[in-house]
Amino acid sequence: MATVTHQPPKYGKLITILSVDGGGIRGIIPGVLLEYLESQLKARRIELDGKDARLADYFDMISGTSTGGLITAMLSAPNKNNRPLYAADEIVPFYLEHCPKIFPQSGGLFDIILDPIKDLAAGPKYDGKYLHDTVRKILGSTRLHETLTNVVIPTFDIKKLQPVIFSSYQAKTVAPALDAHLSDICIATSAAPTYLPSHYFTNQDKDGKTAEFDLIDGGMAANNPSLAAFSEITKQISKGNPDFGSIKALDCTRFLLITLGTGSNKTEQKYNAKMSAQWGTVSWIYFNGSTPIIDVFSEASADMVNYHNSVLFQAFSSEDNHLRIDDDTLKGDLASVDTATTENLNNLVKVGKALLNKPVTRINLATGLNEPIPNGGTNAEALKRLAKTLSDEKKLRDTNAKAAAGK
């Protein structure tokens, strides 16, 4: 199998970032989008990389939170041939196979009656054992520094009450304690409060120092982790990392950012102030099968980052360098993070495919709403356009790196 070298940004024109939000089973939606993007890259690079082209070959950083963190690891962890562990078209089948076992559904009237009571009882809704076993099986002993491109996976330390950002840049240089097993990182970033248990683990660095981690879902800090990725690269540029050559920090004309959401039910408007004014602790944790406090934290985090990104890229007149794809029209079970029935999972695949044909949207900075861009085309067309940009960038880097090596 061919080995594809990922050349650093100093040999090209752009810094390329891919980011995937958290959202449980709704990770199927970005899974569909990523499959399409990778297929376009394969088509453009058929004469060079052919069917072996992978997303990790084209992005300087991939970031992911919660379910997006697992996708990040799948796309960037090495297999025995030192190529990405999973192709993008293997993500959705993975979810269809494993989600029903990670989030086993109740059966029968008796369980339906008792479920709300069990949800309020001690302990998370799911024990996480199948998730933990599966993640450890596929990722094995792979550590953060071994990913085939740089990654950022946010978590939150519930003991220290602060985010812990697992960055391969940091793990390789100033923070070796962060060089944990990818399996522990993925389990931690997926540990959504009330749904899955918090994750405690220790990690020993090369000097024998042991670090302790008491972690929960990264969505509590950064459900849209693109800003965390942006910040990590900015730090590297500011520190003079030679990989970035003469590129200046925060110069959005030199950044290409693709950020994928997992959908939401904003248009359903199932909560309101009059309703929530009557809620106590229990209702904020459980209301009509949902967990309002988690919904609020996740959406607020993701939307604030989207707003920040939009302001930044517009300030540099580089809006076309930033693509955000999301669907805020989900309803019922489609908006759930854990309704892992065969029917609902297959419906999420349909949502992802339909999203490809929807118009590109951008946040209106005055209203905060996502609105179609005039003459912006569809999401599929935008991904196809950016696949060309990514392919051209890789070709430029390969050519310049080869020329530099020949000097």
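Note: Cβ is positioned from N, Cα and C throughout, glycine not excepted.
Heads up, TrEMBL stuff is auto-annotated, nobody curated it.
Copied over from TrEMBL, here are the features:
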| type | residues | note |
| --- | --- | --- |
| DOMAIN | 18-230 | domain 'PNPLA' |
| MOTIF | 22-27 | motif 'GXGXXG' |
| MOTIF | 64-68 | motif 'GXSXG' |
| ACT_SITE | Ser66 | active site, nucleophile |
| ACT_SITE | Asp217 | active site, proton acceptor |
Self-check item: Distance, the residue listed as 'active site, proton acceptor' to Ser66 (active site, nucleophile) (CA atoms, angstrom)
Solution: 6
Practice problem: List the helix, strand and coil residue totals of the motif 'GXGXXG' (22-27) as derived from DSSP. | Solution: 4 helix, 0 strand, 2 coil
Quiz prompt | Other CB atoms within 10 A, centred on Ser66 (active site, nucleophile) | solution = 34
Practice problem: Run through the Cβ atoms and count how many others sit within 10 Å of the one on Asp217 (active site, proton acceptor). | Solution: 30
Quiz item: Across the domain 'PNPLA' (18-230), what is the average pLDDT of the model, as a whole number?
Solution: 92
Practice problem: With DSSP as the yardstick, break the motif 'GXSXG' (64-68) down into helix, strand and coil residue counts. | Solution: 2 helix, 1 strand, 2 coil
